[in-house]
Amino acid sequence: MMEKVNASSEGYFVLLGFSNWPHLEVVLFVVILMFYLMTLIGNLFIIILSYLDSHLHTPMYFFLSNLSFLDLCYTTSSIPQLLVNLWGPEKTISYAGCMIQLYFSLALGTTECVLLVVMSYDRYAAVCRPLHYTVLMHARFCHLLAVVSWISGFTTSALHSSFTFWAPLCEHRQVDHFFCEVPALLQLSCVDTHANELTLMVMSYIFVLIPLILILSSYGAIAQAVLRMQSTAGLQKVFGTCGAHLMVVSLFFIPAMCVYLQPPSGNSQDQDKFIALFYTVVTPSLNPLIYTLRNKDVRGAVKRLMRWG
């Protein structure tokens with residue numbers, strides 16, 4: 001039997017990442033770097049534009065700025081380490097670095113689940129309760145919803161990441177993933193991890209499935225309200241804003257469900273890596289494009305900013 005060890009005494013983990021495909025590592029490095037730069041530029045653009053243009057000082061763009069900042073932090077929690085590992089022969093991460101990475105990836109991922117629910121409620125209030133919208137979504141309430149989203153994510157992560165690292169690890173320190181994630185770390189444990197797996201499943205249902213049900217319920221009510229609309233301009237505006245949000249929800253929740261709402265043996269580890277690569281690299285880079293390409297408010301803000309400049 002392998003000897004139980006304290007991983008902190010060893011000082012590091014080995015992130016195997018995509019080492020099974022060494023011929024793909026250079027290609028992956030270039031593609032991931034491009035997506036990461038797109039994420040940085042696109043999300044910073046939304047944050048700065050929403051701050052500078054007074055016409056975008058609305059609940060929708062306040063929450064969108066929060067989402068953009070969240071995506072910046074989420075990708076930065078894992079992608080720079082992945083790029084370093086893909087570029088060089090060393091694929092290690094310190095024990096403390098792994099703990100920090102796990103904590104922030106869990107915290108930010110959970111926060112995004114809650115924030116997307118908040119954004120769907122904002123759209124529900126705008127479409128279904130237009131006369132009461134300014135009363136319902138006043139500035140203080142919007143700030144409270146954003147704070148609740150962030151606190152819920154970071155509190156949940158503190159509990160869950162601590163529970164993950166309490167499990168004693170074997171002397172083998174190779175994490176079969178490109179970042180420190182709960183299922184991959186549990187595979188290193190020498191003891192029965194059914195309690196950890198059950199906790200992960202319960203938390204996934206609470207922060208993935210329930211938010212998705214709430215979002216779909218909001219859009220069910222929005223769809224009913226849209227069908228009663230007579231104005232073509234109103235219909236186009238609703239489809240523009242709500243369609244963008246639904247696309248972002250799909251890009252985030254579908255991959256998360258594939259990884260976290262399946263039994264431990266449901267997916268191969270290699271499949272999980274590529275799914276995780278999608279929601280940590282691709283989705284955050286597409287969000288700014290989805291929200292801005294067909295958005296008249298953003299185009300107008302850019303024109304005003306250029307004239308001001």
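Cβ from N, Cα, C; glycine included.
Remember, TrEMBL labels are computer predictions, not curated facts.
Residues or ranges marked as transmembrane segment by TrEMBL: 26-49 (among others). For the transmembrane segment (26-49), the residues of the chain that approach it from at least six positions outside its boundaries are 18, 56, 64-65, 68-69, 71-72, 75, 79-80, 82-83, 86-87, 277, 281-282, 284-285, 287-289, 291-292, 298, 301-302, 305, judged by C-beta separation under 8 angstroms.
Taken from TrEMBL, the feature domain 'G-protein coupled receptors family 1 profile' covers 42-291.
Residues or ranges marked as transmembrane segment by TrEMBL: 61-80 (among others).
For 100-121 (among others), the entry in TrEMBL reads transmembrane segment. Sequence-distant neighbours of the transmembrane segment (100-121) (same chain, 6+ residues past either end, Cβ-Cβ under 8 Å): 60, 63-64, 66-67, 70-71, 73-74, 77-78, 81, 93, 145-146, 148-150, 152-154, 156-158, 160-161, 164-165, 179-182, 185, 207-208, 211, 214-215, 218-219, 245, 248-249, 252-253, 256, 280.
Here the transmembrane segment (141-159) has long-range neighbours at 59, 62-63, 66, 103-104, 106-115, 118, 121-122, 203, 207, meaning same-chain residues at least 6 beyond its ends whose C-beta is under 8 angstroms from one of its own. What TrEMBL lists as transmembrane segment is 141-159 (among others).
Sequence annotations record features per position, and here TrEMBL assigns transmembrane segment to 202-226 (among others).
If you look up TrEMBL, you'll see 238-262 (among others) marked as transmembrane segment.
Long-range contacts of the transmembrane segment (274-293) within the same chain, counting only residues at least 6 positions beyond its ends with a Cβ under 8 Å from a Cβ of the stretch, are 32, 35-36, 38-39, 42-43, 45-46, 64, 67-68, 71-72, 74-75, 78-79, 105, 177-179, 181, 244, 247-248, 251-252, 255-256, 258-259, 267, 299. The annotation transmembrane segment is assigned in TrEMBL to 274-293 (among others).
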